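What Swiss-Prot records for this protein:
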ACT_SITE  ASP304  active site, 4-aspartylphosphate intermediate
BINDING   ASP341, GLU345, PHE370, THR371, ALA372, GLU373, THR374, ARG375, MET376, SER377, LYS388  ATP binding site
BINDING   ASP511, ASP515  Mg(2+) binding site
TRANSMEM  34-54  transmembrane segment
TRANSMEM  65-85  transmembrane segment
TRANSMEM  216-236  transmembrane segment
TRANSMEM  253-273  transmembrane segment
TRANSMEM  581-601  transmembrane segment
TRANSMEM  609-629  transmembrane segment
TRANSMEM  649-669  transmembrane segment
Amino acid sequence: MAETTKIFESHLVKQALKDSVLKLYPVYMIKNPIMFVVEVGMLLALGLTIYPDLFHQESVSRLYVFSIFIILLLTLVFANFSEALAEGRGKAQANALRQTQTEMKARRIKQDGSYEMIDASDLKKGHIVRVATGEQIPNDGKVIKGLATVDESAITGESAPVIKESGGDFDNVIGGTSVASDWLEVEITSEPGHSFLDKMIGLVEGATRKKTPNEIALFTLLMTLTIIFLVVILTMYPLAKFLNFNLSIAMLIALAVCLIPTTIGGLLSAIGIAGMDRVTQFNILAKSGRSVETCGDVNVLILDKTGTITYGNRMADAFIPVKSSSFERLVKAAYESSIADDTPEGRSIVKLAYKQHIDLPQEVGEYIPFTAETRMSGVKFTTREVYKGAPNSMVKRVKEAGGHIPVDLDALVKGVSKKGGTPLVVLEDNEILGVIYLKDVIKDGLVERFRELREMGIETVMCTGDNELTAATIAKEAGVDRFVAECKPEDKINVIREEQAKGHIVAMTGDGTNDAPALAEANVGLAMNSGTMSAKEAANLIDLDSNPTKLMEVVLIGKQLLMTRGSLTTFSIANDIAKYFAILPAMFMAAMPAMNHLNIMHLHSPESAVLSALIFNALIIVLLIPIAMKGVKFKGASTQTILMKNMLVYGLGGMIVPFIGIKLIDLIIQLFV
């Protein structure tokens, strides 16, 4: 999954060429009415080639009509090729995933505790299996016993094994992954054919892909333009009769194909599929094309501080006692409150305490773990208790117990916060001893990324459980626009609703069960693959690498998808207008000499003018395939700036390029006439 696929790999091109011919079947082509019009024109040209008197008025040579047939055929093949190539890349990724679904046996645990070996395909929801070192997990499940490291690289591309154990947020395992060490007992949670891997394959292959609202709106516009141009073409026949100008049916067919928006009509499906593919190349699964497209409309990002903006492993940097306590007493209490704390922060406090060369206590007590509600952790001994935690929570505890708050505590807490650190207050028996300074490190490159997002009109909001000062310092250092301090997971849904009430499109990341409501509420929810099943079901995007920073990448991909579609649509419509004014003067100058003044290109003849435009129309589809597949490149700028730039490049370019291309092709045709 993590490996990217080159656009024009030989095996993909060969398969795409075969598929592009198979897609000529009319039942398939009618799904794209614009290209179906081209196919009808191609069949009429073929009929006129075989039976020149089909309409009792054909005035051009059979070779000329056959040339039109061949060019129209190539136009259809090129349009189908772009779609087939985009689909082929998805199928290649799906085949890579399918390789992990090799036939395997499963060790099912029967009710009497004995084992039986059965085919993994025979496993049902609720069955319990035992998986040991080196064995593959046969299907999606939930760990009910044991602790093991699991290698998920076959699914996620991430080489580092992850720890799975019963209980908590990390007890879900994916079928197709393998146990790297120890053993697990797993309760199967999905029926055969409905596993996470099966869903991934379906998503990657695009089997469930439907047109997005923007695609439907654009398609409606293109169909309207097609009908308008067809009506214009139909009126030309009686007009030519009135002017005593013999306008052949073959030329009318060619002119119709030149003027309707075949360029974007042939590339529209490929653009959407390629957009999904670019997301997949980042190891992100999109549940629908709509979710990727919505990313392009996002203007507010809700970001967690820990793990997204900072590296997440805050390290103890200093012990700062209050005036009424001593340094040694603070170190001992901090050590005792952290000795059983297995978090990175807890381990760093113990490590820093050892460096102080103080005789540390060895008394054993009952560990009180940190919770989102209490926001503190510590140890209860027989005659006393020590805690460390968020300043507000600790002060509240002391006040409720009738204790004394040191006068210099507030200054110490603010001092740590102003440095961008996180202060933890330490107390013993409701007596505050001092502050632990936890250092937070901003991830590299985020300042520039946030600046780029700001220039594009995207606002970043940092949500953190830290106090106001710490949050403000980190927000300023990272360059986020706003922050929400002392924010609990359940508070995020309120932040999202507030932004949506302002008319904003909101995106957020999450991995826990408590994030699921907010992920479902957000317009774009990116769940971590390492997270809970409820979070992954609530989100519309899943990051297989479990890297929350990727939310920013997905938003940029979504914007690129919309820009690519808009840019190529602008280019296509500008092309049609340019071809209209390039061809018509050359066609009618014999019947209407005044039209010769408009024939600024001085094309050789009406026949060569139409043929040149038709060839250009086919070639431009091929030339635009790389842009449709890779997307339009852009740098951070406001929407208005990007729009003006694209109008200049693709609008003006779309007007100029046809004049140049058609003239060059006309000159080449003259060499063979």
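Quick reminder: no glycine exception, Cβ is built from N, Cα and C everywhere.
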DSSP three-state call for ASP515 (Mg(2+) binding site): helix, strand or coil?
-> helix
Consider the binding-site residues ASP341, PHE370, ALA372, MET376, LYS388 and say which one has the Cα lying nearest the Cα of ASP515 (Mg(2+) binding site).
-> ALA372
Do you know offhand how many angstrom separate ALA372 (ATP binding site) and the residue listed as 'active site, 4-aspartylphosphate intermediate' by C-alpha?
-> 15
Could you say which of the binding-site residues ALA372, MET376 has its Cβ with the most other Cβ atoms inside 10 Å?
-> MET376
If you measure ASP304 (active site, 4-aspartylphosphate intermediate) to MET376 (ATP binding site) at Cα, how many Å is it?
-> 20
Can you tell which of the binding-site residues ASP341, PHE370, MET376, LYS388 lies nearest to ASP511 (Mg(2+) binding site) in space, using Cα positions?
-> PHE370
Per residue, counting other C-beta atoms within 10 angstroms of the C-beta, which of the binding-site residues ASP341, ASP515 reaches the highest number?
-> ASP515
Same-chain residues at least 6 positions away from PHE370 (ATP binding site) with a Cβ under 8 Å from its Cβ, in sequence order, are ASP341, THR343, MET376, SER377, GLY389
